[in-house]
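**Q** Feature annotation from TrEMBL assigns transmembrane segment to B:12-31, B:51-78, B:90-109, B:129-148, B:169-196, B:208-230, B:242-263, B:283-302, B:309-329, B:349-367.
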Amino acid sequence: MKRRDFLKGSLQSGAAVLTGGALAPVTAEARPNLQPKEDAIGMLFDSTLCVGCKACVAKCKQVNDMPPVTESEIRAWDEARDLSGDTLNVIKTYKNGDGSTKDAENNGFAFEKRSCMHCVDPGCVSVCPVTALTQHEKTGIVSYNPDACIGCRNCMAGCPYNVPQFQYDKPFGQIMKCQMCNQKGVERIDNGLLTGCSEVCPTGATLFGTRKALLAEAKRRMELKPGDTYTYPRGDVSNPGSYHDKRVPTYKQHIWGETEAGGTNVMHISAISFDKLGLPPLGERSACSVAEGVQHSLYSYLALPAVLMAGLSYVVKRNTDEEGEGS
Amino acid sequence: MSAHEKAGGRIFTLPFMILSVIAAIGVYFIIQRFVYGMGAVANINGGFPWGIWVVYDVVIGTGLACGGYALAFTVYVFNKGQYHPLVRPALLASLLGYALGGFGAFFDMGRWWQFYNIFLPWNWNFNSVMLEVGLCVALYIIVLIIEFSPAFLEKIGATGLLKALNKVLFLFIALGVVLPTMHQSSLGSLLIAMGYKVDPLWQTMQFQPLFAVVSALIMGFSIVIFEASLSHVRFGGKSETPLLGVLGKIAVGLMAVFVLVRLGVLAGQGKLGLMFAGDFSSAMFILEMALFIFPAFVLLSATKRHNGGALLIAAVSMLFAGSLYRFNAFLFTYNPGPGYSYFPSVPEIMVTLGIIAIEIMVYLIIVKTMPVLHRSEHA
Ligand code: SF4
Ligand code: SF4
Ligand code: SF4
């Protein structure tokens, strides 16, 4: 009789702990998205200005001391089609129909830059078990430390933009990603320089600056009237090296990176919708903030596991003792 | 005196020889991977960082190794002493599955020579689900070794040590339930941060850990039923069918929970219609559901539950169901965006087959030389 009650009790409490564990992550409030840093620096890529010259790709390779990727015999320019262990910055082409008109969704073409977006709430940093990826407190730059990295490649899966790339072709490879030209040994930002790509961009399609100033510039461009002339800056948005006048295109009223998954410090604007340019289907919520919420509700101070362990030790001890010499 | 005995018999049988050839081919390609880099052997790429080595060897392999977890639950927690005969073989299979899962994680590690970084507290990122998985799996492998060690201690006749161990064994048995609950659910949580890349039919966000742990238990129970019915055929001995029937009953409950909650969550998230979309994902989803529901119906019938053949078929269906759930979520319907696709290379597949072959070989050797299987009544 007593034993039965006990069994029932232990069953019930066991079930209670398990249900509690299952419900904790469901009911817990996930942490909110991280917020943009006050002085975060970033870049603004305006697809309508990009002429596809790939000067930025070549400069990136030079700064980072990486070999060009070539497919054909003409070794005149870098032919990398996507990010890889050898390429941190790439220009992709959008083409539709006969591809005759620049910045037209139909029968048009456009260029799109792909490199680390330096997320405000970076998934790569959140998922890395050994803190090999970190976000700088002031600048918001996301950098990588190969000495800590174990190569689990969770950062690749956790990055909404498939940015971190592992060097699969090397026996002792590492993760490669854009570190905004500020990694050890390069430190262009710390030395008051711009990122390599924005320094060489002939059209100002890649613009350097603080996130704040770049966002203001992007919003300004959203307000322009198509067909008018606008004086576009080159280099650093707050201290442009030079300007050029150009007809204003019909911008899509969307600044990519203002809010997507918490926002990014590298933002894009374009005359073609971003899903066509290959940017991912992201909501405002960063997925890693939800994952962290689940993880912390289950493991804060290891409280739930400790309760489970205490309860189970008691039940198991009691049950094995009862079995006693019988087995 | 132990209630277990070694099965005996020749080790170098023909099947064993065939397995060793497969194992040798696998080992050959693992060596290639270390010499020339991962790209020389595997088809993983920028969009698919995790191929079958992670998804099969680690994510599914450890799920299939949850027999020890499922039985520890039944035997010690719910005090169903009569399942004791199944515990040791299940623990052995769990130990091997986890050990090889750990090995798989190691040779899949891009920077394996620094693997110890995950054990250094100053590196820990407590936001990372992967950290929990890594540490918890490592700890559980040690716990499994301790839980299984009585078989070895009996063999060498270390009675003193055995007695001492028995006094504290309850702690390790409890850990043997707590740790898998933790890391098996975390394996599911890994999917959350992947966001949109995980197909909407599998991206249940906060519910991921729940489905992962229930699928682990389903796979655990089914592997126990599967192995026990098989080794009964293979090595003879007392039939455990009545015991297995009860385990089957528990599995039915788990499958009901899995399927109903899954459908409920999808309905709640407004994604139920996607299962009728007629695309690849919806086909995989329906196949997966069928594999869960079919054995549940088989095992609902009391006569079938006590029929060895029906049990075996149900167990196999459950194994496929749990494995397919994980395959679908992590790989088959995983979509990192345009421009990326993945299909394992032949060498990559050979490595995984080699690992499975090694697992079976070691299992056979240990079962034949150590007191693992339950002593049969008329031996
Ligand atoms: S340098 Fe400027 S214009 Fe040239 S490809 Fe790069 S972003 Fe486009
Ligand atoms: S784009 Fe990817 S790699 Fe870059 S910060 Fe965001 S999550 Fe990290
Ligand atoms: S591959 Fe390296 S940097 Fe990326 S998550 Fe794993 S340990 Fe961190």
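Just so it is clear, glycine is given a Cβ too, placed from its N, Cα and C backbone atoms.
TrEMBL labels come from automatic prediction, so no person has curated them.
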**Q** Do any residues, 6 or more residues outside the transmembrane segment (B:129-148), come within under 8 Å Cβ-to-Cβ of it, and if so which ones?
**A** 62, 68, 88, 91-92, 94-95, 98-99, 101-102, 105, 118-119, 165, 169, 172-173, 175-176, 179-180, 182-183, 186-187, 189-190, 192-193
**Q** Would the transmembrane segment (B:169-196) count as touching the transmembrane segment (B:51-78), if touching means at least three Cβ pairs under 8 Å and pairs must be 6 or more apart in sequence?
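**A** Since 3 or more Cβ pairs under 8 Å link them, the transmembrane segment (B:169-196) and the transmembrane segment (B:51-78) do come into contact.
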**Q** Among the recorded stretches B:12-31, B:90-109, B:242-263, B:309-329, which has the greatest number of Cβ pairs closer than 8 Å to the transmembrane segment (B:208-230)?
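**A** Selected stretch: B:309-329, with the most Cβ pairs under 8 Å.
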**Q** Short question: most Cβ pairs under 8 Å with the transmembrane segment (B:12-31), which of B:51-78, B:90-109, B:242-263, B:309-329, B:349-367?
**A** B:349-367
**Q** Top stretch among B:90-109, B:309-329, B:349-367 for CB pairs under 8 A with the transmembrane segment (B:242-263)?
**A** B:309-329
